[in-house]
């Protein structure tokens with residue numbers, strides 16, 4: 001009995017360490033969102049030019065997720081994770097020392113390579129290391145790590161950047177990763193590769209219209225969100241004319257509201273996922289349309305960011321559940337594709353936002369983001385009516 005209790009404790013420690021790793025990997029992807037103005041100032045550039053760094057990072061992750069997953073499919077998982085972390089930490093050290101913008105971009109590409117592999121293996125690892133009968137809880141812990149990065153990662157990164165300079169934010173993330181690596185080395189057993197997806201499952205997945213339509217919805221709605229969200233920090237300072245501190249508060253509120261979205265989805269997601277996702281997309285559309293009108297009043301901006309945070313968390317969780325339900329037989333490949341497609345949306349949104357800022361005006365990012373949001377809303381209503389029960393049908397077997 002005692003041994004069993006100890007092994008359960010160790011199993012949970014392993015999963016928690018993976019969840020912390022998920023938090024760190026997601027924090028670094030979005031940290032630049034809160035630091036665009038500072039990085040731009042230090043290199044004498046426009047924020048919209050620096051914003052391209054978000055696009056490059058996201059698209060590297062998108063392009064490399066599947067190839068890297070296949071290339072590393074036979075590698076023992078403990079060794080692979082250690083290698084990933086070494087690349088991740090070294091790249092952050094390079095970010096800290098980046099003597100020009102090109103070097104910073106190169107360091108971010110190194111981080112993106114590590115990110116691409118990490119996300120293609122981490123859900124499967126959490127399931128393998130979970131105590132017996134606790135697979136769903138293990139997955140939700142990883143999702144929580146991811147969600148908390150949105151809630152606290154970006155604002156904490158911004159606060160460190162505000163007080164100690166943006167380079168310290170990247171160094172702090174690298175140090176956090178070093179501590180996590182030490183825990184992983186101590187806790188992880190040898191993990192031979194198993195159940196890795198292969199290219200054989202790709203044609204099968206792409207012949208599932210319900211799954212493909214969810215992928216299309218993902219890329220469109222994520223593009224809408226990131227068109228405005230990527231530039232929220234310079235928007236608050238230049239368009240709304242508010243302080244850098246207020247931008248930090250706004251990012252905290254938006255992230256914190258994600259917890260409400262997560263709880264709502266946990267309560268209602270199994271039965272009403274389709275309706276909940278469409279409702280959240282409608283809410284996102286309203287937030288984007290109201291972004292500029294709300295910018296004249298700090299209270300209105302704070303209220304808007306609560307609804308925005310709830311909406312985007314429900315959308316993110318809902319899409320994952322839909323993908324898993326449509327591909328219970330090939331979760332690794334389906335989720336690797338989902339991660340890639342999500343990142344295509346992040347990159348596209350950041351790119352559109354930067355072009356709008358450069359050629360129209362920063363004030364228009366919400367209105368331009370509302371266009372794909374409207375398309376996503378119409379598309380979601382169409383596909384969930386066409387395939388209404390794909391999620392609920394598979395749910396009992398999958399959980």
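Along the chain as shown, residues are numbered 1 onward.
Cβ coordinates come from backbone N, Cα and C, glycine included.
Taken from Swiss-Prot, the feature transmembrane segment applies to 15-35 (among others), supported by sequence analysis. Only residues 6 or more beyond the boundaries of the transmembrane segment (15-35), in the same chain, are considered here, and those with a CB under 8 A from a CB of the stretch are 50, 53-54, 57-58, 61, 85, 88, 92, 111, 114-115, 118-119, 122, 125-126, 129-130, 138, 141-142, 144-146, 148-150, 153-158, 161, 166, 169-170, 173, 176-177, 180, 183-184, 187, 229-230, 232-233, 247-248, 251, 346.
Look at Swiss-Prot and you will find 50-70 (among others) tagged as transmembrane segment, backed by sequence analysis. Cβ atoms under 8 Å from those of the transmembrane segment (50-70) belong to residues 29, 32-33, 36, 39-40, 43, 101, 104-105, 108-109, 111-113, 115-117, 119-121, 196-199, 226, 230-231, 332-333, 336-337, 339-344, 346-348, 350-351, 353-354, 357 of the same chain, restricted to positions at least 6 beyond its ends.
The transmembrane segment annotation in Swiss-Prot covers 81-101 (among others).
According to Swiss-Prot, the feature transmembrane segment maps to 103-123 (among others).
According to Swiss-Prot, the feature transmembrane segment maps to 136-156 (among others), an assignment based on sequence analysis. Beyond the transmembrane segment (136-156), the same-chain residues lying 6 or more positions past its ends with a Cβ under 8 Å from any Cβ of the stretch are 15-16, 18-27, 30-31, 33-34, 122-123, 126-127, 129-130, 248, 251-252, 255-256, 258-259, 262, 313, 317, 320, 399.
Listed as Cβ neighbours of the transmembrane segment (168-188) (distance under 8 Å, sequence separation of 6 or more from its ends, same chain) are residues 10, 13-14, 17, 20-21, 24, 27-28, 31, 35, 77-78, 81-82, 85-86, 88-89, 92-93, 95-96, 107, 157-158, 160-161. According to Swiss-Prot, the feature transmembrane segment maps to 168-188 (among others), an assignment based on sequence analysis.
Annotation comment: Swiss-Prot describes 209-229 (among others) as transmembrane segment. Beyond the ends of the transmembrane segment (209-229), by six or more residues, the same chain brings 33, 54, 235, 281, 284-285, 288, 291, 312, 315, 319, 322-323, 326-327, 334, 337-338, 341-342, 344-346, 348-350, 352-353, 356, 365-366, 368-373, 375-376, 379-380, 383, 386-387, 390 to within a C-beta distance below 8 angstroms of the stretch.
Taken from Swiss-Prot, the feature transmembrane segment applies to 246-266 (among others).
For 273-293 (among others), the entry in Swiss-Prot reads transmembrane segment.
Summarising the annotation, Swiss-Prot assigns transmembrane segment to 301-321 (among others) and lists sequence analysis as the type of evidence.
As annotated by Swiss-Prot, transmembrane segment applies to 333-353 (among others). Taking Cβ pairs closer than 8 Å, the transmembrane segment (333-353) reaches residues 29, 48, 51-52, 54-59, 61-63, 65-66, 69, 116, 119-120, 123, 197-198, 201-202, 205, 211, 215, 218-231, 319-320, 323-324, 326-327, 365, 368-369 in its own chain, all 6 or more past its ends.
Annotated transmembrane segment per Swiss-Prot: 364-384 (among others), in sequence order.
In this chain, the transmembrane segment (246-266) lies in contact with the transmembrane segment (301-321); the count of Cβ pairs under 8 Å, excluding pairs fewer than 6 apart in sequence, is at least 3. 364-384 is the stretch from 103-123, 246-266, 364-384 with the greatest number of Cβ pairs below 8 Å to the transmembrane segment (273-293). Note on the transmembrane segment (364-384): residues 210, 213-214, 216-217, 220-221, 223-228, 231, 235, 274-275, 277-278, 281-282, 284-285, 287-292, 349, 352-353, 356-357 of its chain, located 6 or more positions outside it, place their CB under 8 angstroms from a CB of the stretch.
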